[in-house]
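Have a look at the structure below before the remarks.
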């Protein structure tokens, strides 16, 4: 579903496109964190929280851009391939499509939940088709906080996808997430370092399984 105009600016979509073509890593202290399976992950310290913002660049082979974007937007299918999803659904709030997402955390930590806006645009950049998906946390009275679950108030993600010229997808992803609570920042950063590449690998695997089903 398309969100109402105004959830994200035109400029934000084109910024994600631009990063896919030319990574914007200069002028800030972005550090190369890890390179694995054709994926490079950079991080930048957010001094206010002690947490890191992440930028991911790479290629997912044998997974077409359109299919990858469709799978990312398919909340029902994500419940099948993402083992950390406790609850995930879309709801109309004030004329906009809002996503509610509860994530399983290991005991004894409380689960986290998110309420966020998400929008997809398929753009034409000099004849190249680029799928861009933007997401950011929001608050809606209709989706209030739940007892025993910690609401994530700071969440932002950008995803830009185009063909790698073969059967795969060239991908750029930006990610920032502050899970709140009493989890030490070093543990959050350790989890993100592993979780970000694993998420992309899981999504690539979901592409393969989806193709087998159809």
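Just so you know, glycine gets a Cβ as well, placed from its N, Cα and C.
These numbers come from a predicted model, not from an experiment.
For the residues 75, 139, 158, the entry in Swiss-Prot flags phosphoserine at a single position: 139.
Swiss-Prot lists 72, 78 as 1,2-diacyl-sn-glycero-3-phosphocholine-binding residues, and of the candidates 157, 182, 208 the one it assigns to that same site is 157.
Residue 157 (1,2-diacyl-sn-glycero-3-phosphocholine binding site) sits 16 Å from residue 139 (phosphoserine), taking the CA atoms of both as reference points. Less than 8 angstroms from the CB of residue 78 (1,2-diacyl-sn-glycero-3-phosphocholine binding site) sit 71, 85, 88, 206, each of them six or more residues away in the same chain.
In this structure, residue 78 (1,2-diacyl-sn-glycero-3-phosphocholine binding site) is part of a helix by DSSP.
For the recorded 1,2-diacyl-sn-glycero-3-phosphocholine site, residues 72, 78, 157 set the reference point as the centre of their Cβ atoms, and the other residues of that chain within 8 Å of it by Cβ are 73, 118, 133, 135, 159, 203. In sequence order, 115, 153 are the residues of the chain that are 6 or more apart from residue 139 (phosphoserine) and have a CB within less than 8 Å of its CB.
Within the set of binding-site residues (72, 157), the lowest number of other Cβ atoms found within 10 Å of a Cβ is recorded at 157.
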